[in-house]
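As annotated by TrEMBL, active site, nucleophile applies to CYS95. According to TrEMBL, the feature active site maps to HIS207. The substrate binding site feature in TrEMBL is assigned to ARG132. Positions annotated as domain 'CobB/CobQ-like glutamine amidotransferase' by TrEMBL: 4-214.
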Amino acid sequence: MELTIGWLYPSLMSTYGDRGNVICLQQRSCWRRLEIKIVRLDLNSSARDFQDIDLFVGGGAQDRQQEIVMRDLKGEKAQIFRDKIESGTPGVFTCGSPQLLGHYYEPAYGERIEGLGIFDLVSKHPGKNSQRCIGNIAFRLTASPLAQMVQARTGEPPIVIGFENHGGRTYLGNVQPLGRVIVGNGNNQEDGYEGAFYGNAIATYAHGPLLPKNPFLADWLIETALELKYQKTVQLSPLQDNLAQKARKAMFKRLEVGNLA
Ligand code: GLN
């Protein structure tokens, strides 16, 4: 079996190390002997490139880069991207990416950047004198059916760890949050929600990068992409994740969420 991963605007949206998500998906797939193709969906990509994607990855960016991306992600490409997410193509979108997949993002300086409106959410930067939300984050995965599927497969309570670094605050409309914040700021420091989940697309403020720190999410994305592509149930063989588990335990301890995990 093979999978094509579409990496959204890597030359503009790689400020925060989210490339690690692409590497993690690639490596965990290779260990299962899956064929992986990575397509860089940069400024010169075509609608056809978007059409071939089985799993999308989008990383964080600075406000200026986000504006350039949105000037490019229009017309047929945007339509294909939207149709794919709406028909269940999985994806993981971090920080700057979800801001663009919502209705709009109001940056610290300059005009409002119109988004694609795929996720029913809006994001606003409260201004240059506001504090950025920076630091380790832990949240309980609550989005359905993702949380239930993860718990059934791993047996562990679905707690996600990561690192957030954002000025924008996100407010959800009619879309489920990805989780509830245990430690950190999450979407907006106010309502306790973190990220969003729509179709099979994960939106989050958690860099880290997210997937190597939470490998069960990587496996869920790979399985979901394969199931959609091949229209059959797929169960990936388990991997030795001892090191990742050790790192997770150390972070739980540091964030004092050990008693919850
Ligand atoms: N520029 C956006 C913000 O500061 C996104 C930052 C990011 O992707 N980490 O909110």
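Placement of Cβ uses the backbone N, Cα and C atoms for every residue, glycine included.
As the structure is a computational prediction, the values presented were derived from the model and not from experiment.
Looking only at the recorded positions ARG132, HIS207, the densest Cβ neighbourhood within 10 Å occurs at HIS207. On a Cα basis, the residue listed as 'substrate binding site' lies 14 Å away from HIS207 (active site). When secondary structure is read from DSSP and collapsed to three states, the residue listed as 'active site' falls in the strand class. Separating the Cα atoms of the residue listed as 'active site, nucleophile' and the residue listed as 'substrate binding site' is a whole-number distance of 13 Å. Looking only at the domain 'CobB/CobQ-like glutamine amidotransferase' (4-214), the predicted model's pLDDT averages out at 96.
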